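> Just passing along the structure, written as structure tokens.
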Amino acid sequence: MASTASEIIAFMVSISGWVLVSSTLPTDYWKVSTIDGTVITTATYWANLWKTCVTDSTGVSNCKDFPSMLALDGYIQACRGLMIAAVSLGFFGSIFALIGMKCTKVGGSDKAKAKIACLAGIVFILSGLCSMTGCSLYANKITTEFFDPLFVEQKYELGAALFIGWAGASLCLIGGVIFCFSISDNNKAPRMGYTYNGATSVMSSRTKYHGREGDLKTPNPSKQFDKNAYV
């Protein structure tokens, strides 16, 4: 019962993390920078994995898509690949988890389902590592440029998408670890066994009682013979 509850918790945590990781791909604010005026913010610069934009004080945004993939910076290409891999691994991990959970009716025996659940945990861990690496790589580039005194271009700060990605990656890692430990709970489950004591004769208590009663009522022929001998 405890193993089933832990699998359900792991599934909910992992799916929540996968949804958060997936939501970072279309999110706009991976990095953001603002130009403040004397009274209001005059412009906001932001970018994600696909485009860079600027929004003026009236709320009008002008965006520019990134050029060809071969002309992109290496860290953006790496982040794209890692985040897409994280989303794909999370999708397959959710399928394996549904098959391997004890509360589902597919997957075969309990031993086979435990192995599938462990595989789902490994896949979710890989998904979390990919997402964590991609977000950390992007954040490292931002912080390096921000604290570089020789960098004269527009400096950015960490956007909301990075924190969402880190949170989703952490949930995927936690859920994957719980899935992996669920197989050890299945191995610790007690087995019902029966011991063989050999063939034994069975006699009911009623039969024994009647047998004893018959023995008590049976007269001794030797005693009757002795009495008749003296008549």
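Note: Cβ is positioned from N, Cα and C throughout, glycine not excepted.
Not my notes, these are from Swiss-Prot:
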type: TRANSMEM; residues: 1-21; note: transmembrane segment
type: TOPO_DOM; residues: 22-80; note: topological domain 'Extracellular'
type: TRANSMEM; residues: 81-101; note: transmembrane segment
type: TOPO_DOM; residues: 102-115; note: topological domain 'Cytoplasmic'
type: TRANSMEM; residues: 116-136; note: transmembrane segment
type: TOPO_DOM; residues: 137-160; note: topological domain 'Extracellular'
type: TRANSMEM; residues: 161-181; note: transmembrane segment
type: TOPO_DOM; residues: 182-231; note: topological domain 'Cytoplasmic'
> Go ahead and report the DSSP secondary structure tallies for the topological domain 'Cytoplasmic' (102-115): helix first, then strand, then coil.
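Secondary-structure breakdown of the topological domain 'Cytoplasmic' (102-115): 6 helix, 0 strand, 8 coil.
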> Below 8 angstroms Cβ to Cβ, which residues of this chain, lying six or more residues outside the topological domain 'Extracellular' (137-160), approach it?
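For the topological domain 'Extracellular' (137-160), the sequence-distant neighbours (Cβ-Cβ under 8 Å, at least 6 residues beyond its ends) are 27-33, 45-48, 75-76, 78-79, 82.
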